Amino acid sequence: MGHFTEEDKATITSLWGKVNVEDAGGETLGRLLVVYPWTQRFFDSFGNLSSASAIMGNPKVKAHGKKVLTSLGGAIKNLDDLKGTFAQLSELHCDKLHVDPENFRLLGNVLVTVLAIHFGKEFTPEVQASWQKMVAGVASALSSRYH
């Protein structure tokens, strides 16, 4: 999972303060569902997921994406205890929803892509390195309840 340096924490927190959680969340989850279509099976109740435009415009996708990134915002405040922060969500996704833990890694990588698109030149290789470490840590924490 890796240890977060003070520089990592500052880099992650600084960029996070500029993220529009609603826009980035909807785009991140939407892209996950388009790029990795097998993930759609966890979102049967979301209605029309028949095409990229249907997915990207789907209000339930946008709302859940916002919820996901809001949860991530809580983790950013607790980078030294990601496992504790995500204990309940890990249990839910493992025991009740049966989500493949690999999907957490995929979602993290899609988020990094979205941040790169949104922030352009500001999303330097150093910023990306800190964010990759963070999304890997979150994916690991969310996978911690799996047997």
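Cβ atoms are placed via backbone N, Cα and C, with glycine included.
Marked as N-acetylglycine by Swiss-Prot: Gly2.
Feature annotation from Swiss-Prot assigns domain 'Globin' to 3-147. Across the domain 'Globin' (3-147), the model assigns an average pLDDT of 86.
Residues or ranges marked as phosphothreonine by Swiss-Prot: Thr13. DSSP gives Thr13 (phosphothreonine) a helix state. Sequence-distant neighbours of Thr13 (phosphothreonine): residues of the same chain at least 6 apart with a C-beta under 8 Å from its C-beta are Ile76.
Taking the Cβ of Ser45 (phosphoserine) as centre and 10 Å as the limit, one finds 6 other Cβ atoms among all the protein chains shown. In the three-state DSSP scheme, Ser45 (phosphoserine) falls into the helix class. Annotated phosphoserine per Swiss-Prot: Ser45 (among others), in sequence order.
Other C-beta atoms found within 10 angstroms of the C-beta of Ser51 (phosphoserine) number 10, with every protein chain shown included. If you look up Swiss-Prot, you'll see Ser51 (among others) marked as phosphoserine.
Annotation note: Ser53 (phosphoserine) sits in a helical segment as assigned by DSSP. With a cut-off of 8 Å between CB atoms and residues at least 6 apart in sequence, the same chain places nothing near Ser53 (phosphoserine). Residues or ranges marked as phosphoserine in Swiss-Prot (evidence: similarity to another entry): Ser53 (among others).
Among the features that Swiss-Prot reports, N6-acetyllysine is placed at Lys60 (among others), with the record citing similarity to another entry. According to its DSSP assignment, Lys60 (N6-acetyllysine) is helical. Neighbours of Lys60 (N6-acetyllysine), defined as other CB atoms within 10 A of its CB across all chains, total 15.
For His64, His93, the entry in Swiss-Prot reads heme b binding site, with the evidence type sequence analysis.
Feature annotation from Swiss-Prot assigns N6-acetyllysine to Lys83 (among others).
What Swiss-Prot lists as S-nitrosocysteine is Cys94.
For Ser140 (among others), the entry in Swiss-Prot reads phosphoserine, with the evidence type similarity to another entry.
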Rounded to the nearest Å - Cα separation of Ser45 (phosphoserine) and Lys60 (N6-acetyllysine): 9
DSSP three-state assignment (helix, strand or coil) for Ser140 (phosphoserine): helix
Using Cα positions only, nearest of the recorded positions to Ser140 (phosphoserine) (Ser51, Lys60, His64): His64
